[in-house]
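Everything below concerns the one structure shown next.
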């Protein structure tokens, strides 16, 4: 769920998801359109695509199990939905961590109306 995703982000980046990733670029936060602004925004684009594939799941509310040790997040046992949601969230948190060096504060609270490029397909 979103609280677990927030915790994963904190583990991998040392940043709070709110405000650092809730409205970053064109894809971090609710919805998304246009072309991702940078590598961090692309992490959100890929995460959105991952959630889109989970048609019979509730990724924002379903609770899953995971563990963290020495900077490695591992998804635990659960239903197929729980495992898939966890993997989507884990991959995004890892992606955020890998792209911290290029994180740009100017893309925080980026206005949607500036996301005018044609959208990419998942």
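Heads up, the Cβ atoms here are built off N, Cα and C, so glycines get one too.
Among the features that Swiss-Prot reports, active site is placed at 47, 89, with the record citing similarity to another entry. According to Swiss-Prot, the Ca(2+) binding site annotation covers 27, 29, 31, 48, on the basis of similarity to another entry. Residues or ranges marked as disulfide bond in Swiss-Prot: 26-115, 28-44, 43-95, 49-122, 50-88, 57-81, 75-86.
In terms of C-alpha distance, the listed recorded positions 27, 29, 31, 47, 48 place 27 closest to residue 115 (disulfide bond). For residue 47 (active site), the same-chain residues that are 6 or more apart in sequence and have a Cβ closer than 8 Å to its Cβ are 27, 88, 89, 91, 92, 95.
Here the Cβ of residue 28 (disulfide bond) has 26 other Cβ atoms within 10 Å, regardless of which shown protein chain they belong to. If you take the CA of residue 122 (disulfide bond) and look 10 A around it, the recorded positions you hit from 28, 43, 48, 50, 86 are 48, 50.
Long-range Cβ neighbours of residue 86 (disulfide bond) (same chain, at least 6 residues apart, Cβ-Cβ under 8 Å): 4, 64, 65, 66, 75, 76, 78. DSSP assigns residue 28 (disulfide bond) to coil in the three-state reduction, outside any helix or strand.
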